[in-house]
Amino acid sequence: NDLNLFSNFQWVRGPARWRGAAPVPAGLPCGEAGRGPAEMGESMSKRLKLQLGGEAEMEERSFPNPYPDYQPHGAGAAATPSAADAQRDRTPFPPEEESLPFGADGKVSARFSKRIQTKIKDLLQQMEEGLKTADPHDCSAYTGWTGIALLYLQLYRVTKNQSHLQRSLDYVKRILRNLNGRRVTFLCGDAGPLAVGAVVYHKLKNDTESKECVAKLLQLQRAVVSTDAELPDELLYGRAGYLYALLYLNTEIGPDTVPQSCIKEVIDAIIESGKNFSKEERKTDRCPLLYQWHRKQYVGAAHGVAGIYYMLMQPVANVDQETLTELVKPSIDYVRHKKFRSGNYPSSLSNETDRLVHWCHGAPGVIHMLMQAYKTFKEDKYLKDAMECSDVIWQRGLLRKGYGICHGTAGNGYSFLSLYNLTQDKKYLYRACKFAEWCLEYGAHGCRIPDRPYSLFEGMAGAIHFLSDISVPETSQFPAFELGPQRRENKVEQDS
């Protein structure tokens, strides 16, 4: 069984080696443990090798996309050039899959929905069994128990099955007894467990416990905004990750849950940090807000500027229009000019290698920044770039790293759902469904086994989350990153 755990270790496919279950050491970008990006100063010969070896590198990192791309009106599907070679060798679609997996109204077909629900049930059973050997002390949303609580909260959101909300509560209670106080973000720190706890208790109408979680979350703020704190600004470990927790509460519970003054204080700290570093790097005119993590100017959603700019553009953040126009917009345009000819983006501003197509590094994360820029500034260039990202993800997004959200196929699939909800172009819903179809064959492709194989961002829980959103694509949201409409569920809950 690909997913068997052996104590705290698991066998990793590929060159024979054991990998411990310890977290990636600080300083290594997520999804790239042990392999730093290429530097600007590399020799010309090495650059030539990288260019010549580009296709082999892409092949190594992703599977050839075996699916024909979408054609309007369901008029048959033709393979894209990138998939043509693979198309010759693949088994033909089963007859029931030749038709589109959704109707003219964008509703997923009953047949495809049934397949998804059956697979979710199967994967949930595998996940719960596997979690018996997971690290009992990892409370993070990224690889730990908060991520599992988030998954069950998601299943409750899409099904309204009260048992899922109760299961989420079970995990929340466990988490809140084991907070370590070492980090402050939603994904990797105490902010995540406290925010999820507040939302779960709110949905169960336990306002006392919910408000206690919010109060504890706000106690972390002093460390976040302190000018003395050596805190980064990125999403996984920095201020943007704490900001997300505040915005999440105001979205899921109500707009006054966190005072706007608290949100503004965090935003001001992020803005000031970006301005100061840009000045240090003498890029104020070109990129007014610039950020680094472990001395690298990362681009992607997890550690980079894309995730930070994305959070600053959230409507619920209420960043003033002047700041958005004068500081955020030119910084986004600076990143846009780093785009590779393929439509992909580098992992860092100094990286010239077109390798990674992950949410954490590359087009699948940057696309969310571009879509939000289009919503914010109403300029077509951002949507055009987002569509180019989508094409790269379609061609190179079935990752050998696995099915997860951070650096896996499910996370890449979310980019299609988000672009579909923005454009209502069924091409993107089709692409999302095809990536979901890939996830329906979980474990059959020979992918690498992640260190935390059942977790939300690295493993099975993330794939389940994505599959559950495919059933209701119009309300999909990338967990711990995208924000839904404010108080979206309240009316439904009051009516129930």
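Using the three backbone atoms N, Cα and C, a Cβ is placed for every residue, glycine included.
All annotation found in TrEMBL is predicted automatically rather than curated by experts.
What TrEMBL says about this one:
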| type | residues | note |
| --- | --- | --- |
| BINDING | C360, C406, H407 | Zn(2+) binding site |
| COMPBIAS | 75-85 | compositional bias 'Low complexity' |
| REGION | 53-104 | region 'Disordered' |
Work out the three-state DSSP category of C406 (Zn(2+) binding site). coil
Comparing local Cβ density (other Cβ atoms within 10 Å) for the binding-site residues C360, C406 points to C406
Is it possible to get the count of other C-beta atoms within 10 angstroms of the C-beta of H407 (Zn(2+) binding site)? 28
